[in-house]
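Novice: To start, I am sharing the structure in question, which I have written as structure tokens.
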Amino acid sequence: MKNCEYQQIDPRALRTPSSRTSSTLPCGRKGSQRLRRKWEVFPGKNRFYCDGRIMLARQCGVLPLTIGLIFITSVLFFTFDCPFLVDHLTVFIPVIGGVLFIFVVISLLQTSFTDPGILPRALPDEAADIEKQIDNSGSSTYRPPPRTKEILINDQVVKLKYCFTCKMFRPPRTSHCSLCDNCVERFDHHCPWVGNCVGKRNYRFFYAFIVSLSFLTSFIFGCVITHLTLRSQGGNGFIQAIQDSPASVVELVICFFSIWSILGLSGFHTYLVASNLTTNEDIKGSWSSKRGEESGNPYTYNNIFTNCCVVLCGPMPPSLIDRRGFVPPEDAPQTVTSDAELPAFMAKNDTNMCAQGTKELLESMANSTVIQSTCAPGKPKTAPVTQESLLNTVSITVSPPSKPPSNGCSGRQARRPIDVPCSQRGLKRAALHTHKPMLRLPSPLYSLSDSPLILSDAPDMGFIPLN
């Protein structure tokens, strides 16, 4: 009589059809795929141009309006006002206007096209580690663990919040922009006029833009008034001067309605720079004096000149998203599958619960079941089963649903039904209609510690539900 040969199956080695297909692709086919750059798979809501060299927010429709107003006003000024002022005043007027115009355009483009300081999102492994740390730090109650951390900056407690989108704790002074869907370092605000967020890497360009635009607008506004005043002094009157130079009226209207907001914005950001604050912190009142002396700004140097140098003249931090870098090819095979690829019974992490349920099952089976010990044809040999013999002979494995096995013993697992008393057969049949994992106890003599778990739902076998 020849005993059946069994092959142990490692449930971690199971693969879904999709993962098996992707891992067995020929090398030539993978090598023929074009390498993609990181900006092509960037998760944020940004637009990239010139092969990732230029980045803008998706809602950048106001940026053309900003550029258009600057260009229209400047072109009208250099075309209709500068010739008259050069003849009656000095040739330095167009030179000064040209320098200011170039400075405004360059600073605007740098603000719009520069990475504001976007932080890359956490990788799956990093996110899993952070979630594990959060779960371990939680209490034994049903309340969820806190999603905040506290750190000390200049002897002052600063709270770090968890970003559910980027799956990480935000560094100090970092905030998540809802329009760009990115976490930005030293987040100031999202400016639709420049079509980008204003943060750590482009704040100096933004400040230079609004200050230079204030000077340019004030300069054009003063030159236009001077032009119309000189024309009206010739005896024709102010109305005639407007009729002689209608473009000056357009410039006057644009500058009049924009100069107040631009000057106010420049003054507000000058105060922020001198205090080493951000617009986001000022609006929220994070370091307001109303909260007491202990809630003062921990980032200030208590010196206006030092704060200005740190904010505007500090070293330019590098971009962390590497938008023009290549996405690494996924050539390395995955040796360990994720929980999504494993059966539901094996995806559980609570091993204590599984061990406890198996122990109770074995104790109940020791008092009510008899297992057939061989698979050779003929009269089956039965023997009473004790708890010790079950612990040494039971092999529990997990396998996908398959057809009923044959009675052959060559290299296949021989399965035999379990002789169950009639009083329990009704319970076993009722359990077949439930959506619970089932256990089948085959006959090979293996220890429980060396054999993996396998699920089977063959209709002709005896099953016991796992409660």
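Keep in mind that glycine also has a Cβ here, set from the backbone N, Cα and C atoms.
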Novice: State, for Gly237 and Asn276, whether Swiss-Prot gives them the same topological domain name and hence the same side of the membrane.
Specialist: no
Novice: Determine which residues of the chain contact the transmembrane segment (205-225) at the Cβ level, with the cut-off under 8 Å and only residues 6 or more beyond its ends counted.
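Specialist: Sequence-distant neighbours of the transmembrane segment (205-225): 70, 73-74, 77, 81-82, 85, 93, 96-97, 100-101, 103-104, 107-108, 110-111, 114, 188, 191, 194, 198, 248, 251-252, 255-256, 258-259, 262-263, 265-266, 269-270, 273, 311-312.
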Novice: Around the C-beta of Cys191 (active site, S-palmitoyl cysteine intermediate), how many further C-beta atoms are within 10 angstroms, looking at every protein chain?
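Specialist: Excluding its own Cβ, Cys191 (active site, S-palmitoyl cysteine intermediate) sees 23 Cβ atoms within 10 Å.
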Novice: Could you count the residues of the topological domain 'Lumenal' (81-88) that DSSP puts in helix, in strand and in coil?
Specialist: 8 helix, 0 strand, 0 coil
Novice: By a Cβ-Cβ criterion of under 8 Å, what residues six or more beyond either terminus of the topological domain 'Lumenal' (226-247) are in contact with it?
Specialist: 76, 79-81, 84-85, 88-89
Novice: Taking only the residues in the topological domain 'Cytoplasmic' (110-204), give me the average pLDDT of this model.
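Specialist: Over the topological domain 'Cytoplasmic' (110-204), the predicted model scores a mean pLDDT of 85.
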